[in-house]
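Features of the protein shown, as given by TrEMBL:
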- A:26-125: domain 'HTH hxlR-type' (DOMAIN)
DNA sequence: CCGTATCCTCGGTGATACTG
DNA sequence: CAGTATCACCGAGGATACGG
């Protein structure tokens, strides 16, 4: 029996559906999926340093993010309701971002994780260095 | 002026060095980098459900991870000192994994995050659904 | 049973150029 | 200033086959 491209597409979409179901049911999968992109947590942390920040300010705080990824990340956070975005119809344009209450509420558990990392980072790095085979 | 392949390799390695420095200095980058792979947190959570687990048991708990990625993830966690691995020289072979004290210590801050996710997941999903443009 | 070895795909990311 | 549009790339991860 042969597998056609159409079959593959069906399989792919089924796989995606299964994946969505798993993530929908399993809260852990869900947070991991949200968290595990390269920039989101960093942007949230940056925004927590100031009440309001313009696009350029955020970019200055995270110099090595590309303009594209900063936009993509901010939009994604806005979609989730973690960040609000206010456009001022001026010339030149001004856009201000700030954490929503929901966004701020994430800071508490996040701090727990950061503190854990601060306390154990060196041990972990040492362990990694000495790990053989 | 032309950019040769050799030049590119130099640029790449410099970029990687810069990246390493940033991650070395900035603890937040460091945790994000450690956390943001697809399976680590899930494996840690799974291992927290039982004191000791065999390779096959873990695989049954996370059916959609490939054998390869389960091995890779377990080795990476072992390297960081979060998981211990004990091989029994039997036929057929038996290998047992368990969280180390360091591994268990991650569970507390992790629970904070999971609880936050449980409390806010629906709001976020609703927000994402209604997000236009 | 518990892996390792290959090969390959695909999507996230960066670089660059352009617009209102 | 704050984006979009386009293209090219790498590397995490999957599929498969084999090994002790």
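Just so it is clear, glycine is given a Cβ too, placed from its N, Cα and C backbone atoms.
Curation does not apply to TrEMBL; its annotations are automatic.
Not measured: the values here are computed from a predicted model.
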DSSP residue counts for the domain 'HTH hxlR-type' (A:26-125), split into helix, strand and coil: 62 helix, 14 strand, 24 coil
Integer mean pLDDT for the domain 'HTH hxlR-type' (A:26-125): 93
